[in-house]
Amino acid sequence: MKLVDEAEILVTAGNGGNGCVGFRREKFIPLGGPDGGDGGNGGSVWIVADENVNTLVDFRHERAFKAQRGENGMGRQAYGKGGEDRVIVVPVGTVVMNVQTDEIIGDMTQHGDRLLVAKGGKGGLGNMHFKSSVNRAPRQSTTGEEGEERLLKLELKLLADVGLLGFPNAGKSTLIRAVSAATPKVADYPFTTLYPNLGVVSVEAYRSFVIADVPGLIEGAADGAGLGTQFLRHLQRTRLLLHLVDISPMDGGVDGVSPVDQVRTIERELERHDPALLEKPRWLVLNKADLMFPEEAQAAAEAIVAELGWTAPWYLVSALGRDGTFPIMKDVMAFFDRQREDELEARNAG
C-alpha cells in the first residue's frame, strides 16, 4: 500500500448570521417595541480520527472544506438557525499543523479523537438588545462575525509495528514482499521505494503485525539528503526496527560502503534526527546471503557482528529466496507477545 502521507487543506468556518431589525406589529399594538432576533452562529470545522481510514489520498482531490453560514435573525425575536458543522475524517496517527505558524494543533492518536480546527463566527445581535430608556425604537443591529479560516498541513505517521531501515538496495522491499502480501516495486537502483509501503505479516491464524518498508537512508538523511527527513519520521511510532544490511561482496558493499559502515552511518542519522530512535529495539538482518557460498556468508556475518559489537538479535537471510525470513517473523511475533504480557502486568500492578 502506498501511503500519501502529507496534504495541505484550507478550512473555513461559517460566518455568523446577521441580527435583525424588527418591530412588534400586531392588531391594536401599532407602536410595538423592537423584536429583531439574533443571527445564528456559523458552523465550525472539525477533524475526526477514524481507524477505518488508512490514507490521506482523498485530499488530492478535495482541498477546501467550508462549514455552513448561520442564518440571519428574524422578527418576533426569532433567532437564526446555526450553520452545520463540517467534519473532516482522517486516519488515526494524523498530525495536524497550522501552515502559517508551523504550530502543531493536534495529534490524532486514537479512534474518535475530535479536533476543532476552525470555529464558526458568532451570530449578530438583533435590535431587541439595543432598547433603552432613551431609545425605545432602536434601528441598530450587528452583523455576524466571520468564521475562522486556516491553512492546515496533515501529516500521517505510520502506525506500523515494525519498521525496516537500511541503505538503498539493502533488500527491504524484497523482504516485505517475501513475508507479506504487499507488492512494492523492486529494482536494482537506489530509491526504488519512493513511498512508504505497509504489509500485514500473518504468522498464524489471528496473529499478525504490520510492517513498514520506508525508502532507503543514506548519509545526510537527517538533513534531507536522498529521501531524508520525509521518511525518517515514519520510524518514530514503530515498536521494533529491523536493520537490513547487504553483506554481498560486490564493490565491498552497497556503493562501496562496507556492511559495518552501512550500519554506523544509519545509526548516526537516526541519532541526529531523533536520539530516541536509537533506544528502540533494533535487530540486525544480514541480507543477500544467496550471493555467497553458505560458509562464506556465515563467516562474513559473524565477522560483521563481532566488529559492530552487536548484542541484540541478528539473522542471516536471503530475502529473494525467502531463506531465513520466516524465523524472523516468528521471533517478532513472540517479541510482541512478551511486550503485551509485560504491559498487562504493569497495568494490573498499577
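The first residue you see is number 1, and the count goes up from there.
Backbone N, Cα and C define each Cβ position, glycine as well.
Source: prediction; values computed, not measured.
Record features (Swiss-Prot):
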BINDING   166-173, 191-195, 213-216, 287-290, 318-320  GTP binding site
BINDING   S173, T193  Mg(2+) binding site
DOMAIN    1-159  domain 'Obg'
DOMAIN    160-337  domain 'OBG-type G'
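Within 10 Å of the C-beta of K172 (GTP binding site) we count 31 further C-beta atoms, all protein chains included. The two recorded residues G166 (GTP binding site) and S173 (Mg(2+) binding site) have their Cα atoms spaced 11 Å from each other. DSSP assigns S173 (Mg(2+) binding site) to a helical segment in the three-state reduction.
Cα separation, S173 (Mg(2+) binding site) to K288 (GTP binding site), rounded: 13 Å.
Taken residue by residue with DSSP, G166 (GTP binding site) is part of neither helix nor strand, so it is coil. Following the DSSP three-state reduction, the secondary structure of K288 (GTP binding site) is coil.
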